Amino acid sequence: MSSPNKNLPGWIDVGLIPLINISLAFLVSGFVIWLIGEDPIEAVKIMINGAFGYDEALGYTLYYTTNFVFTGLAVAVAFHASLFNIGGEGQAYIGGLGVGLLCLLLDQYFPLWLILPLAIIASGLFGAAWAYIPAYLQAYRGSHIVITTIMFNFIAAALMNYLLVNILIAPGSGSPESRVFEETAWLPFMHEIFAWFGAEITRSPLNLSIVLAAIASVFVWFFIWHTRWGYAIRMLGHNENAAQYSGIDTKRVIIGTMCLSGALASFVGINEIMGVHHRILLEFTAGYGFTGIAVSLMGRNHPIGIIIASLLFGALYQGGAELAFEIPTIQKEMITTIQGLVILFCGALALMIRPTLERLFSNFTQNNKTAVVE
Amino acid sequence: MDDFFLLSLSTLDSTLRLSTPLILCAMAGIFSERSGIIDIGLEGKLLAGAFAAAAAAAYSGSAMLGLTAAIFTSIAMALLHGFACITHKGNQVVSGLAINILASGLTVTFGIAWFHQGGQTPNLSGDARFSPVTLPGAEIIREVPFLGPIYTELLSGHNLLVYVAFLAVPLTWWILYKTRFGLRLRAVGENPQAVDTAGISVTFLRYRAVICAGILCGIAGAYLSTAHNAAFGREMSAGQGYIALAAMIFGKWRPVPGLLACLLFGFLNALAFRLEGVSVPGIGQIPVQLMQSLPYVLTVILLAGFIGKAIAPKAIGRPYVKER
């Protein structure tokens, strides 16, 4: 997103500036907490304890982290091609539909080891398909991807609403949810997996999907920086004309990137539908797609940064839930506020402090030089 | 037939009510985007405005104070957007998104802290709300066939802000096309270099454009919480800022077509309410969700270039960097 600056050394650019931006976001968040009459320090203590203090909390934190890794990677991959995919929410929603349909179809006949790969494929296909249309329109008809992906989020919500209320609803059920899958289509929880090896950890929604998230992170790192396609994506992102003149089919790259992005976002469906809820239900995406944008901006579009940012947001979500329990005036919307501030400072205002730092740094180096001459 | 006439009247009546926030936000979007600043933060400004209006009206008991608070809050958000994308050349989409998310978080956080009702504001009544205005002569010509009901039922009896919204359209048109400010605003959205060369500050011009957008979104917010409804509820803007964005694009960034798009989307919404659970002869029941998603689907089809071509202002989304 931001071009590297020659005037500043790398460690300031990738280390110090993001750190200052994040600190600013948290400072303002603390100020908001202080404004509503609560103690920010106390809130941070409760949050840290609520997110990491005991192993159930850690399980929840990692479970949220899994979702954010998927949506963060999705946004990052698109960012590398200089495409802004706001549609992660819709792609995750439709991806979950793919997972759910497959499970509803096969859960009575096949074992898990067969259903899982098929579910991953179904999820990826559905998510990619939902990203394909905006991508096609961007590549061939010149419509702005930001606007079309926003529209597709709403269309996805309406579609899912219709399907769940009218078609997929379990017979005799009052709420718009599909029937619960047979246990053959349940992803094992981490506490179950640990139990197979004789280790005991507390129950939490954390499930096998976190392994998928780890694989996806390595895959994205390898794909973006170590393959021909990744090179094409980054080239497109830096300079579309240059990419075109060097013989890259930019239209295909745009569509391919968006499909990959949609597929990554869709894996939220694996975690939520196959891993936790075991049925299709309304609004299971719960804003994870939008949080992915904050995660990607904060993680500077690199898988390692994204994992760190996801962990932070996972902790914010879980710690925030605990906080809402302890201090009733601070509800989950406070976490939404923090998320907005992170997007503001790490995204929109990312360049705010750079001129100041540049001046400081050049002053500093010049002083050093004169000192040497003297 | 008479029944059908009355039924269509009441559907059109709710069309006007439902279009009002869309029209105000779409005009806001036109000001911002014609000056070259993408404004996906309409939704956030609308929501923040709605909360500010309801909170101020609840404390003061005055709808006008509520409106003022809404306008100032929305302008503050617009200035934040301007600070990020005009002064610091940040990504306009990211900034707009940040504003939307901030608004959705802050409104409820402050709502809980101030009113202890789970993010809602207390119910407003009396002077704290905008009440219906009866247009002059509405009672006299009520009995005139056909025109009478149209005037009394459809045009009269809305609250002040509905009329403000409909006046905002010719006003926007006049400002954009008939004033020097409007000419410069449109120029800065197409070719900021040219404007700069003429010795006019691109920065100041764009700031004024986003402030205009802030004012209009603030009015729309006040409409939601103190006129159309009687309190603020969490997420009460419910995507209407995005629909207004769609309408603005649908109207190709021009005030009058934008108004028509808002009326169309408002009508679709009113129709969705009307048709809920009703079987249409020959078609059967139309899913509500289909009607609700039509504005988005239509906008996508438009953007795909199948209904004319929507061409955005040329310099949109690009921060202006002065040559040194």
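Every residue, even glycine, has its Cβ placed from backbone N, Cα and C.
These numbers come from a predicted model, not from an experiment.
Sequence annotations record features per position, and here TrEMBL assigns transmembrane segment to A:15-36 (among others).
Look at TrEMBL and you will find A:57-84 (among others) tagged as transmembrane segment. Counting only same-chain residues 6+ beyond the ends of the transmembrane segment (A:57-84), those with a CB under 8 A from a CB of the stretch are 1, 49-51, 91-92, 135, 138, 145-146, 149, 190-191, 201-207, 209-210, 212-213, 216-217, 220, 223-224, 230, 233-234, 236-238, 240, 253-254, 257-258, 260-262, 264-268, 271-272, 276, 288-289, 291-293, 295-296, 299, 301-303, 306-307, 309-311, 313-315, 317-319, 321-322.
Sequence-distant contacts of the transmembrane segment (A:113-133), counting only residues of its own chain at least 6 positions beyond either end whose CB sits under 8 Å from a CB of the stretch, comprise 85, 87, 90-92, 94-99, 101-103, 106-107, 148-149, 152, 156, 184-185, 187, 212, 255, 258-267, 269-270, 274. Per TrEMBL, transmembrane segment is recorded for A:113-133 (among others).
Among residues of the same chain six or more beyond the transmembrane segment (A:145-169), those with a C-beta under 8 A of the stretch's C-beta atoms are 83-87, 89-91, 93-94, 97, 100, 104, 130-131, 133-135, 137-138, 176-178, 258, 280-283, 289. Feature annotation from TrEMBL assigns transmembrane segment to A:145-169 (among others).
Summarising the annotation, TrEMBL assigns transmembrane segment to A:206-225 (among others). Beyond its flanks by at least six residues, the transmembrane segment (A:206-225) meets 59-60, 62-63, 65-66, 69-70, 73, 76-77, 80, 120, 187-191, 193, 233-234, 260, 264, 267, 270-271, 274-276, 302-304, 306-307 of its own chain at Cβ-Cβ distances under 8 Å.
Listed by sequence, the residues of this chain that lie at least six past the ends of the transmembrane segment (A:253-273) yet keep a Cβ under 8 A from its Cβ atoms are 63, 66-67, 70-71, 73-75, 77-78, 80-81, 83, 85, 87-89, 91-100, 103, 119-120, 123-132, 134-136, 138-139, 145, 187, 207, 209, 212-213, 216, 220, 223, 229, 232-233, 236, 243, 279-280, 284-285, 288-289, 292. Marked as transmembrane segment by TrEMBL: A:253-273 (among others).
Annotation source TrEMBL lists transmembrane segment at A:280-298 (among others).
Per TrEMBL, the feature transmembrane segment maps to A:304-325 (among others).
Residues or ranges marked as transmembrane segment by TrEMBL: A:337-357 (among others).
Non-local neighbours of the transmembrane segment (A:15-36) in the same chain are 43-44, 298, 300, 329-330, 334, 337-338, 341-342, 344-346, 349-350, 352-354, 357; each lies 6+ residues outside the stretch with a CB under 8 Å from one of its CB atoms.
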